[in-house]
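Over in Swiss-Prot, the protein carries these features:
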- 69-74, 103-107, 127-128, LYS140, LYS149, 167-170: NAD(+) binding site (BINDING)
- GLU182, HIS245, HIS262: Zn(2+) binding site (BINDING)
Amino acid sequence: MITVQVDLQERSYPIYIGSGLLKQNSLLAKHIVGSEVMVVTNETVAPLYLDTLLKGLKDYRCAEIILPDGEQHKTLAVLQQIFDDLLKVPFSRHCTVIALGGGVIGDMAGFAAACYQRGVAYIQVPTTLLAQVDSSVGGKTAVNHPLGKNMIGAFYQPRCVLADTDTLDTLDERQLRAGLAEVIKYGLIRDIDFFTWLEEHASEVLAREPSALIHAIERSCRNKAEIVAADERESGVRAILNLGHTFGHAIETGLGYGAWLHGEAVAAGMAMAADLSQRLGWLSATEVGRVLNLLERAGLPRHSPEAIHKARFLELMAVDKKVIDGCLRLVLLRQLGQAVVTDGFDSDLLEATIDKATV
């Protein structure tokens, strides 16, 4: 087992990474607050891992809520169901919420924990690659709104993250590839050596070769933990974690939540960010080619869907958390391994990037 620490003073917590962790009862037990546990999971994950988790929680008063699966269910209405179940039991403010699932479950369960009785403890047990390397770490919790993705939420840190790599054995190929998009992101924004490693070993990660998979998860989590420790609430450097996300969120919202997986949209968004970075003179054609080649080898989209026309794309991008005083800011690449947040681009260059990306 590997442990990565997220250093946030009194709110610091560990990320546990390894095989068979769901069966190690003591790992979760030392982070559970109180004697009441609500497990939030979904219809896909529950038949696979809920019983295993509950076997380790026999000393607690447990309940579970099983939600429908998919980004389209990450809504205020479904969040209400979590609150309803917490209140019907009822659970006190000395309970612990456990999120068992991918990014959607983690985001919603975390947001519910942040709000319920003004905040209760929660634990992340991510079961997808994307959740293990990104969404479970850092305390971002949210639901979507029809006008924008993740626009209603809170920063609220978990007590721990338990990333059992065995859960990736049941992850379908599309979800695995989508998770690899967020792994690639870390190499692009701040870790060129990792990017180079991925160019050589992405096929091993996709083949679920254990040592490659664990290395990719650990390296990703260490990168994110360092960024979160430096800027928990995204007032500075943490914003670089959004490489590809402004474009990607526009794709997700424009197509309808769930049509593309989050990682697929981010992959297309990173390709667009690389293109705009080249137009600004920051990346060479060769460097952009390296980005596109890795995305292609990962089986990820490199273009935006033609269903979203340019005017609509720009309209959707304007509903973004990085917009300040009506000014759109984007995460772009000064070079491979170095990202910046900037509004220093002309609208005609942005429109040219959108035109080129749309297929």
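Note: Cβ is positioned from N, Cα and C throughout, glycine not excepted.
Mapped onto this structure are the features recorded in Swiss-Prot.
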{"residue": "ASP69", "record": "NAD(+) binding site", "Cβ contacts under 8 Å, 6 or more apart": "ASN42, GLU43, THR44, VAL45, VAL104"}
{"residue": "GLN72", "record": "NAD(+) binding site", "Cβ contacts under 8 Å, 6 or more apart": "GLY256, TYR257, GLY258"}
{"residue": "GLY103", "record": "NAD(+) binding site", "Cβ contacts under 8 Å, 6 or more apart": "PRO126, THR128, LEU130, ALA131, ASP134, SER135, SER136, HIS262"}
{"residue": "GLY106", "record": "NAD(+) binding site", "Cβ contacts under 8 Å, 6 or more apart": "ALA99, GLN124, PRO126, ALA131, SER135, SER136, THR141"}
{"residue": "THR167", "record": "NAD(+) binding site", "Cβ contacts under 8 Å, 6 or more apart": "LEU22, LEU48, TYR49, PRO126, THR127, THR128"}
{"residue": "THR170", "record": "NAD(+) binding site", "Cβ contacts under 8 Å, 6 or more apart": "LEU48"}
{"residue": "GLU182", "record": "Zn(2+) binding site", "Cβ contacts under 8 Å, 6 or more apart": "LEU129, LEU130, VAL133, ASP134, SER220, GLY263, VAL266"}
{"residue": "HIS245", "record": "Zn(2+) binding site", "Cβ contacts under 8 Å, 6 or more apart": "VAL266, GLY269, VAL331"}
Neighbour count (Cβ, 10 Å) for HIS262 (Zn(2+) binding site): 28
Neighbour tally for THR128 (NAD(+) binding site), based on other Cβ positions within 10 Å of its Cβ: 29
Output field, Zn(2+) shell: CB within 8 Å of site CB centroid, site GLU182, HIS245, HIS262 dropped: LEU130, ASP134, SER135, ALA181, LYS185, GLY244, GLY248, GLY263, ALA265, VAL266, GLY269
Where THR128 (NAD(+) binding site) falls in three-state DSSP terms: coil
